[in-house]
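Student: Pulled these features from TrEMBL for this protein:
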TRANSMEM  20-38  transmembrane segment
TRANSMEM  58-80  transmembrane segment
DOMAIN    64-183  domain 'ABC3 transporter permease C-terminal'
TRANSMEM  108-135  transmembrane segment
TRANSMEM  155-175  transmembrane segment
TRANSMEM  203-224  transmembrane segment
TRANSMEM  230-263  transmembrane segment
TRANSMEM  284-305  transmembrane segment
TRANSMEM  536-558  transmembrane segment
TRANSMEM  592-620  transmembrane segment
TRANSMEM  632-653  transmembrane segment
Amino acid sequence: MKFSKLALRNVKKSYKDYFVYFMTLMFSVCLFYTFNSFSSQEQVLNLSTSQSTVLKTVGQFMNVLSVFVAIVLAFLILYANNFLIRRRKQEFGIYMLLGMPKRDISRILVYETMAVGFLSLLSGLLLGGLCSQLLGVFSAGMLQVSMSFRLMFSIPSAITTIVSFTVIFVIIMLLNTRVIAKVKLIDLLQSKKKMEKARIRRPWVSVLVLLISLTLLGTAYYLATSSLQTFAVMLVPILMIGGIGTILFFMSLSGFLLQFIRFSKRTYYRNLHMVVLRQINAKISSASTSMGIVCLMLLLAIGALSCGFSLQHSLVDSVDQTTPYMYTYMQDENISEKDMKQLLSLQEVKRWNKVNVYTEKETLKTILPLMEGYDTDKLYAGAPLEYISLSEYNTAMEAQGNKPVSIDSREAFFISAKDDILDALTTAGEEHKLIAVYGQKLKLVNAQKTSSFLCTSPMPEIMLALVVPDAIVQSQAIDRTYWNIDLASEAQTSAYQTRVEKNFTDYAKQTGMQDYRYSGTTRDEVRESSLGSGMLFVYIGLYLGIVFLVSSAAVLALQQLSDADDSKSNYDILRKIGTPQRMIDHSILGQIAIYFMLPLSLAIVHAMVGVPVVSGAFSFLFGLQNMWKTNLMTAGVVLLIYGTYFLITYYGYRMAVQGPKHKQKKLSD
């Protein structure tokens, strides 16, 4: 018989073993192709020039990210391949016992790898082609553009995918050849008799390790949540402490969990709980490190998905707030007001207003003691404290349809683009604390209780400022000015900006202004920028989240399925002593569920601590609020992928341990 035919027969015969491996390969190929084919979406989306640039930027970012993803997938595929090799060592030993040379066994493995690799590449690319179509629909929705429904397939992305996975398969072939060349016949034949040893045997040691792990995790949680500055400075130590604590936690479970449940004899001896718990305990004791790594990968998956969805959702929701005017020009050049009015062609616009921003020697450090219950590390204490005149503030607010604010000549109030900053300053306003502005004492009041946006910009330009009476700042130097303009219609914005930009460019050349940079932006530009940034965030979250989810679930599935054959004799004994098949099935379901839920549960606890911290950092950076709105979407993705692997593992495990009579009964049915 030719080796190629034998290899194909082995693949068909071992389809149960290869199914999880094949599905993981197919998903990996599909993901890699789908997120590398962004450039092809331009063919079906009706994009403006700026939107096309955004899409190309997202595509380039995905291509760079794919290098990291390829490394992660390579390790996952190598792990899955080692799982198959371990399960078939006895089979290879029989080949050698019958006189087959090692090089021929290696050749069979090469043919098997080629067959599975070809099928997974083909099916993965086909599935990836379908997913890329769906991704195009999602992109159109996120960019709020129309699309032409026609088939698209990216040849360059397909070539990149084929080359990347071919390299991985070649590495697998070389490693398999090396394993077969070095292995001894006795090791192959006795592979199933070798039991993995528990790392911790004594219960008191397990309890001690558990206490150490909880201490490390508590320390990591405290450092992460104490302040944003501490989190940023201590990020690497926090990750190391949390990672070590996670691994030690699973190491301690091997000796602690079983002993703890034994105290409840009613639970321990009920149905097949004793069998399930012992098998889980044995597996955790030998795979605690991998379970800890799986838990951390699940944390990364949940974090990436949650932050990606939340940022996209918040960016889109905040567009109306951050674009109160059709056009804004930020002036920090030394140009007279008369010239600015001519350059901006204000005689042609529907309405306009300007907001002058003033600063002095006082910094934000001055007001930090006033902010009760707020993480002041989020604010740069060295930044200058900014002031705005009451009349210009009211004019800007009235242009947005808001009511003007009235204060006395010796009063002032804070405004901010973030509601939580205003909330932190509420007590200072209620107690009418005094603050010095240009040498004069002003009494604080709570005149504005909602966020304020005084110009059109992708991110809030004025994060925190103090509104003061006009007389306080009328003789002070202006730091910068925001010229806000509304035209008769949105359609005029593009032509207006082109004309104004030319005016400023010509003026800079005529007056000899050095290093002039045009600082005008339109509502449409901000909207397209926000939508594009949101799409980038959500696709990064999806890409990394799905990759880590697939990797985590695949590792757990392979670990459980690798034990199925070893556990078959135990279940055969249970059947012989009269255990109903339904009870056996329930015990298998419970075993798989507990094994899958242990790392996921701890990952969720980690995420409940870590995700709000990371989201809070992004939230302040973008001036956004409420980063937990999309947890339901994150849970849906986790449930879909993790649940799929869970069900496949359950049915695969159950089929592997079924008795001959049960199989015959199913066939006859």
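Glycine residues also receive a Cβ, built from the backbone N, Cα and C atoms like all the rest.
Predicted automatically and left uncurated, TrEMBL annotations should be read as such.
I'm curious about the neighbourhood of these features; can you describe it?
Tutor: Non-local neighbours of the transmembrane segment (20-38) in the same chain are 55, 58-59, 62-63, 65-66, 69-70, 73, 76-77, 80-81, 83-84, 116-117, 119-121, 123-125, 127-129, 131-132, 135, 139, 152-154, 157-158, 160-161, 164-165, 539, 542-543, 546-547, 550, 554, 557-558, 561, 645, 648-649, 652; each lies 6+ residues outside the stretch with a CB under 8 Å from one of its CB atoms.
Nonlocal intrachain contacts for the transmembrane segment (58-80), taken as residues 6+ away from its ends with a CB within less than 8 angstroms of a stretch CB, comprise 20-21, 24-25, 28, 31-32, 35-36, 38-39, 160, 164, 168, 171-172, 175, 532, 535-536, 539-540, 543-544, 547-548, 550-551, 554-555, 558.
In the predicted model, the domain 'ABC3 transporter permease C-terminal' (64-183) has a mean pLDDT of 83.
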Student: Should anything in the same chain at least six residues away from the transmembrane segment (203-224) have a Cβ under 8 Å from its Cβ atoms, list it; otherwise answer none.
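Tutor: Residues packing against the transmembrane segment (203-224) from afar: 230-231, 234, 237-238, 241-242, 244-246, 248-249, 251-256, 259, 609-610, 613.
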Student: Restricting to the same chain and to residues at least six past its boundaries, which positions have a Cβ under 8 Å from a Cβ of the transmembrane segment (284-305)?
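Tutor: Here the qualifying positions are 196-200, 242-243, 246-251, 253-255, 257, 540-542, 544-549, 551-552, 555-556, 559, 598-600, 602-604, 606-607, 610-611, 614, 633-634, 637-638.
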Student: Taking a Cβ cut-off under 8 Å, which residues six or more beyond the ends of the transmembrane segment (108-135) line up next to it in the same chain?
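Tutor: Beyond its ends, the transmembrane segment (108-135) has Cβ neighbours at 3-4, 6-8, 10-11, 18, 21-22, 25-35, 37, 40-41, 81, 151-154, 158, 161-162, 165-166, 169, 172-173, 176-177, 180.
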Student: How does the domain 'ABC3 transporter permease C-terminal' (64-183) divide up by DSSP, counting helix, then strand, then coil residues?
Tutor: 103 helix, 1 strand, 16 coil
Student: Go through 155-175, 592-620, 632-653 and flag the stretch with the largest number of C-beta pairs under 8 Å relative to the transmembrane segment (536-558).
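Tutor: Counting Cβ pairs under 8 Å, the winner is 632-653.
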Student: Go through the chain and flag residues at least 6 beyond the ends of the transmembrane segment (592-620) whose CB is under 8 A from any CB in it; none is fine as an answer.
Tutor: 221, 224-225, 228, 231-232, 242, 246, 249-250, 253, 276, 280, 283-284, 291-292, 294-296, 298-299, 301-303, 306-307, 310-311, 314, 375, 378, 418, 552-553, 556, 559-560, 627-628, 638, 642, 645-646, 649-650, 653
